[in-house]
């Protein structure tokens, strides 16, 4: 039975402000060719916000590049809540911002003026130092610049994202979340210098006691760095004012309590969660063996990593010890020396390039297991069992339980009990995924895509296809699409094919006959960096195990009029997908297939009035229509004419712009429709 659809709308606390003032620092400005973004404080409400502004000309960018110190932006802007994720397992940007006490997005329409200000000496001094360091580090050679900005200032540029992704693939990200492990090395190196110059330990501790709070600002103020600095600061302070200093656990506990008071939602951040958990394990550890300790940290981090990134590298356990040593003995010292000593910068840069090549070579080895998203409750149970293993009684039985939890979770993820049809919320585009019950294979109809209209997207920034479609597939333990069906050549239907293909392999690609000959399509295929088994042109004369193909009738050029029309029966329910086929094409389809009836119709051309001919809709008699359209799109899809066609026939419809991802779960006699934004 098709459920009744209720017209519900999301509530956003949007409002417009004029001549509103936001305070930030020049070193917080993230300036690209087209825009600037920064975290700021609303001077009126004393709230933390995330602000963005798109430049109207080059002069505006040049003006911002020259700014220094504390800045007061007087702006006209639109203020809204951060968007909720609209697809299953999509990165939750709202929660990420909430972990940093940011609850509003400010889209600046006009900058009226920028004034200088002074808050207090400590903040102003630290930010000025940070700005000068940022300017100096930007002049360094490529690899040295990336490592120096990341490790010293906590700034990760787009160029460094490639290396970070390789570290993530190796499962070693937690090593770089150990509370800003470089804070430990800073103290260690200062002690070595103090010993060389015969400076007493108390003198070094006093320097750190004064310097650490300043470095918290200079280092970027991340939650992980904050934990590390305040733990070290408390330990030093306690040695000055108490007969015995506070233990590591006591410092950890105090910092945890204070941090939760200041940032109640901080554990929405994976970095903060890993930092506190890994540090807690280190403090409780009885083993002195570095290898055993890395093995233990690895085992505790797996549930969190699988819940967040869905993959694990089998080399991780062996690499963790070696990479930890490389970080301490090579990466961090070279980065510090190269940043401070001009004469050795090129040598240091070359050494860091070799380190990057090592990460790239290791990440290229096919040892990554795509597990899928481990349920949070299972992850908590596994971590609890890991703590219980510290008690040696029944240790083997506890390992067996952990193994069964992993195995059971994987089977649950990989072999769903019900068939699913997933209509992705991919903006003003189209992408639909089908997975049958108890099958570890999927087919994908179109990939979505976006026309940039003059704006150039950075090539190393993930596309929506990667963030939404590839991410969803990986979260379900899938790395292969058995059949990719491209309904026609438009960018909004096939534009993300290559970017998704960086993470997901396509076994076969089906296109409407004639499209495979187009130079524009061949160029898109050339950007697809993977071996293909087959490119298969189809007409309605071709059939396969996935679909009954109803259109095109003959070879064309991959235009809307040539759109592939796909029919499939899943259980007792019939589904129809029409691409961007126009009304004339729809009438030709029902003329050739007069007995065609469907239960769920994917409305053609994003609900445009050029599709969904009333006669066509009357004949196929759908019980539910799905519309894929972008929010506030320039075409005003879906058009009122299409909605009127559905309303006059009492056909309920859902729109991804309002519902987010739409999931249709099918068993033999029952169908269930879920809207991601209305869960």
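All residue numbers here begin at 1 and follow the chain in the order shown.
Using N, Cα and C of the backbone, Cβ positions are placed for all residues, glycine too.
Of the candidate ranges 136-159, 304-327, 328-351, TrEMBL annotates residues 304-327 with the feature transmembrane segment. Residues 396-415 are the range that TrEMBL records as transmembrane segment, among 396-415, 416-435, 436-455. Segment annotation: TrEMBL labels transmembrane segment over residues 371-389 (candidates 219-237, 352-370, 371-389, 466-484). Looking up the ranges 99-118, 199-218, 499-518 in TrEMBL, the one annotated as transmembrane segment turns out to be 199-218.
In TrEMBL, the annotation transmembrane segment applies to 254-284, one of the ranges 6-36, 37-67, 68-98, 254-284. Within the chain carrying the transmembrane segment (304-327), a Cβ under 8 angstroms from the stretch's Cβ atoms is held by residues 168-176, 181, 270, 273-274, 277, 290-291, 294-295, 297-298, 355, 362, 365, 367-376, 379, 474-475, 477, all 6 or more beyond its ends.
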